[in-house]
Amino acid sequence: LALYFHIGEREEKCIIEDVPSDTLVIGNYKVQRWDTHKQEFLESAPGLGMFVTVTTPSADVLLSKLYGPQGTFSFTSYLSGEHIICLQSNSTRFVAFAGSKLRIHLDIRVGEHFFDESVVQAKDKVDEVNLRLEHLIEEIHHISKEQNYEREREEKFRKTSEETNSNILWWAIVQTLILVSIGIWQIKSLRDFFISKKLV
Amino acid sequence: MAALRLLRLLLLLGAGRGAGAGAAAAPPPDAEVTFVLPAGRRECFYQGAPANASLEAEYQVIGGAGLDVDFSLESPSGRLLVSEFRRSDGAHTVEPTEPGDYKLCFDNSFSTISEKLVFFELIFDSAQDEEEEEEEEEGDAWVEAAEPEDALDVKIEDIKESIETMRSRLERSIQMQTLLRAFEARDRNLQESNLGRVNFWSAVNLAVLVVVAFLQVYLLKSLFEDKRTVRT
């Protein structure tokens, strides 16, 4: 029951995740191909794979792998910032099919592992409580990290605002000074010119 | 004998919990997505929903000139539930949900040159809180009729209840945090573009000023340049 969307066969779809540093990001996806004969999406498309590329905020490639039609990928960010997760199919067919498209189911979790209810309930009681507690602790850590990161970004935001504010004033002063000095230069230059032309 | 009683009790508690969970399927995990919507494009996302849950969809345009986008939400039966034009943010709740796939669309066709950075979040709340409460009471009734050696079970059930409450509150915190993050990202992007614009246009202004000044003097002087000889 994850989120899904449609893209063309050769298209690349990118999702942006703004994460703090040292954060685990896990993505779970499933891709289906549209079958024009049956007019529905095939349950499994053999040979169909997805290139998953993850780019860091400093434009380095963190992950670039080919996975099958269904898979899980994960990476840990070492920088904080916007990471771009791109998915593209490895289909080598030329874009000749008018109705060909892919359905991609995608679920991305930031800062916590997937919590599988059915697996947890199968364990004995104490283990179950243990697992739940561990997941909770993970969530709490993630919230705390996000908050610290938010503090950093808010500081950057404040600096930018203050810089804009002072820049506006600075530019206005510089423009006024240059305007005045150019005005003086113009008058002087023209006066000298007219005097030399014996018109004044 | 006591051990058998204990075992039967455990099984009953376990079965009770299982039945409750089966009646209302676990709500899908909350999704949050930030993506670039190119100029002139319309992109749609689909999300499956169980019956009788509540779906909350929130979106924000956090980057791109104009900071606005068209939004529409369709139910699985094809009915258009929400249709908004040129908005920069919005929040909509659908309760109760029909079982099936809901379709969210973001449309940037009105803009030919500027791409938009859009953030949206889907939050699910199943209406199974009432069911869980009834279940706990049943469980407690059984427990009261049991022997003291089942005290461990009671403690574990209590712990699990607290954990569940904490978990749902933490989920809510995460959702709030994500929303606030989106607001902040939008404001920050706006301010950064402001700074760029102030610098750029002031420099252009200054350059034009200087060029025009020189041009004025030059043109004025050239008006008095005689091609004929100067009268003395």
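Just so it is clear, glycine is given a Cβ too, placed from its N, Cα and C backbone atoms.
According to TrEMBL, the feature domain 'GOLD' maps to A:12-110. Mean pLDDT of the predicted structure over the domain 'GOLD' (A:12-110): 83.
If you look up TrEMBL, you'll see A:119-146 marked as coiled coil. Sequence-remote contacts of a segment are chain residues at least 6 beyond its ends whose Cβ falls under 8 Å from one of its Cβ atoms, and for the coiled coil (A:119-146) they are 20, 22-23, 110-113.
Taken from TrEMBL, the feature transmembrane segment applies to A:168-187.
Packing against the transmembrane segment (A:168-187) from elsewhere in the chain is no residue: none 6 or more residues past its ends has a CB under 8 Å from a CB in it. Helix, strand and coil residue tallies for the domain 'GOLD' (A:12-110), in that order: 0 helix, 63 strand, 36 coil [DSSP].
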